[in-house]
Amino acid sequence: MKYIGAHVSAAGGLANAPARAAEIGATAFALFTKNQRQWRAAPLIPQVIDDFKIACEKYHFSAAQILPHDSYLINLGHPVSEALEKSRDAFLDEMQRCEQLGLTLLNFHPGSHLMQIAQEDCLARIAESINIALAQTEGVTAVIENTAGQGSNLGFEFEQLAAIIDGVEDKSRVGVCIDTCHAFAAGYDLRTPEACEKTFAEFGQIVGFQYLRGMHLNDAKSAFGSRVDRHHSLGEGNIGHDAFRWIMQDARFDGIPLVLETINPDIWAEEIAWLKAQQSEKAVA
């Protein structure tokens, strides 16, 4: 079964996120559990936790259908020790918030070397950052998102994702989220079913489908291999509809959150309905 949704707002309270997801016909959703532009947030109080859990139950969202995202400020591969510690503390806080909310996944961007340390050293720092957080939490999987490779961001090659996983001690609590826009911008072709087969065969060989814990379904304004991160609405960008139809018809993408981060929230309900309709092999554009 496919879990399909979008990254919804938690404005006004975390309990509003499941309601907003249900309003657009979603069977999955992503959210920030705190302001993503701030390092710290007030601790979660029991009422907020209870209200969120009640809302998830009311709208029929299990933890397997929810893919929270951490703060964009965090850099788990930071070359400067003091800044690295700040990021590690913030990431641990994000993991603990998920644990309190009964969530089992936390999606994050791996990190950046900022042109100051070697790529290998940065990847090792990211893995160690994950180990530190996992040692102090229970039940939450750290889900590494592939990047477009913009600037000095790592995680844009499958080999880099595999290297991070290799350095994580508890393999049962590390996973990957593949963003289609990021993959395309990083040079993984998705424009035809044949290209999708090739790209995901490579993913399966290098990373392994056992680590796939979520996806971000985004078309790309950016050009193939450009290493520029610019999302677009489904079918409106340089990837086109075929990739998303192909994903909907492949059982390897069942049972994980498939989350839209496309640029027009006003048509998320339409995009979700279209994705649901593509699950039939008879589906056409």
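From the backbone N, Cα and C atoms, a Cβ is placed for every residue, glycine too.
Within its own chain, His109 (Zn(2+) 1 binding site) has Tyr72, Ile74, Glu145, Thr147, Asn153, Gly155 as residues 6 or more apart in sequence whose C-beta sits under 8 angstroms from its own. DSSP assigns His109 (Zn(2+) 1 binding site) to coil in the three-state reduction, outside any helix or strand. Annotation source Swiss-Prot lists Zn(2+) 1 binding site at His69, His109, Glu145, citing sequence analysis.
Every protein chain shown contributes to the tally, and the Cβ of Glu261 (Zn(2+) 2 binding site) ends up with 17 other Cβ atoms within 10 Å. Under the heading Zn(2+) 2 binding site, Swiss-Prot lists Glu145, Asp179, His216, Glu261.
Annotated Zn(2+) 3 binding site per Swiss-Prot: His182, Asp229, His231, in sequence order, evidence recorded as sequence analysis. Counting every protein chain shown, 27 other Cβ atoms lie within 10 Å of the Cβ of His182 (Zn(2+) 3 binding site). Taken residue by residue with DSSP, His182 (Zn(2+) 3 binding site) is part of a helix.
Neighbours of Glu261 (Zn(2+) 2 binding site) among the binding-site residues His69, His182, Asp229, defined as a Cα within 10 Å of its Cα, are absent: none qualifies. Taking the mean position of the Cβ atoms of His69, His109, Glu145 as the Zn(2+) 1 site, the remaining residues of that chain whose Cβ falls within 8 Å of it are Asp70, Tyr72, Asn107, Phe108, Val143, Ile144, Cys177.
In this structure, His69 (Zn(2+) 1 binding site) is part of a beta strand by DSSP.
Classification of Glu261 (Zn(2+) 2 binding site) by DSSP places it in coil, neither helical nor stranded.
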